[in-house]
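Structure record follows, encoded as structure tokens.
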Amino acid sequence: MTVRSLFLLPGDGIGPEAMTEVRKLIEYMNSAHNAGFTVSEGLVGGSAYDAHGVAISDADMEKALAADAILFGAVGGPKWDGVPYEHRPEAGLLRLRKDLELFANLRPAICYPALAAASSLKPELVEGLDILIVRELTGGVYFGEPKQIIDLGNGQKRGIDTQIYDTFEIERIASVAFELARSRDNRVCSMEKRNVMKSGVLWNQVVTETHAAKYKDVQLEHMLADAGGMQLVRKPKQFDVIVTDNLFGDMLSDVAAMLTGSLGMLPSASLGAPDAKTGKRKAMYEPVHGSAPDIAGKSIANPIAMIASFAMCLRYSFNMVDEATKLEAAIANVLDKGIRTADIMADGCRQVGTSDMGDAVLAEFKALSA
């Protein structure tokens, strides 16, 4: 039997409640389908700070490095607003990304048919929307040096951030995008600002060269990032996979997420490079939503983003494509039946809590897996 190791980091706020619903799915898959998941759990964020004085302990970091995949809930809350900057809850997430070398952030923007009316765009523009934004996560202006504020001595200050990309960073993120496109609609749109940024010129060149060398079967289009943002809200279904840098990816993925009408339901994945010996990638999966401390502990949080993150884990870390597809279909079926948590409640639907929503998805998944 294949052994698949999962390390769960529920975190703070609604993270633990949402993770409980994923545990139900894992337990079912192990008992009914001999999936072979081994599960361990650790602390991250504010809960780790309360227990260990840091946002993630070295011991839990070792467990994360050893796992096949990590499921991450959410971190943060007003309780920890006064902790030292280096120990703030978000530092745990940043350390995970850094130490695991997770350079590729995958942000799907999927519009479930039952929620199309909740989008800020006309339903016909977004119904059936399925975009995947591949964002470079460890380079660019967020990490480039120098990064500082200088006192110019004349009553003025100067803020400096540096956008830096090396060839290998662009090659590897482009390769991820092209490979993912092959399992989708086989189209990639690369976005940068080559008209005003030298890093954009290099980005365009390297993506073009990578495409010509290895991925000629994939359709490639280039678009300036500002034009890309406009096209996302004008005609979003023209896109399949979008690949872009850290800064533009941060912005464009949030724009795309809002097209779905359900920002709090979207998953994400962060991937590292394949291991030279095993071919496996380090990977972490997490919902896009935050810790929502205002509703934590009230059993009203929506667990769908966490469940959908587990579906991404099945697909990308364990190549359990059939199971991932069925789990995603189970979510859609539940929504089609009018079952809703408070955040997505609509007229004519039935409101349920966190556990009941998780149970409804599990029941649909069982029916599809029978």
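Any Cβ shown, glycine's included, is placed from N, Cα and C.
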Considering the substrate binding residues Arg97, Arg135, Asp226 given in Swiss-Prot, which of Arg88, Arg107, Arg158 is annotated for that site as well?
Arg107
Restricting to the chain of Asp81 (NAD(+) binding site) and a gap of 6 or more, list residues whose Cβ falls under 8 Å of its Cβ, or answer none.
none
Taking Cα atoms as reference points, which of the recorded positions Arg107, Tyr142, Lys193, Asp226, Asp254 is nearest to Gly77 (NAD(+) binding site)?
Asp254
Which chain-mates of Lys193 (site 'Important for catalysis') that are at least 6 residues away have a CB under 8 A from its CB, listed by sequence?
Gly200, Leu224, Ala225, Asp226, Phe248
Tyr85 (NAD(+) binding site), Cβ-centred 10 Å count of other Cβ atoms over all protein chains shown, is 7
Determine, to the nearest whole angstrom, how far the Cα atom of Tyr142 (site 'Important for catalysis') is from the Cα atom of Asp250 (Mg(2+) binding site).
10
Out of the binding-site residues Gly77, Pro89, the residue with the smallest number of other Cβ atoms within 10 Å is Gly77
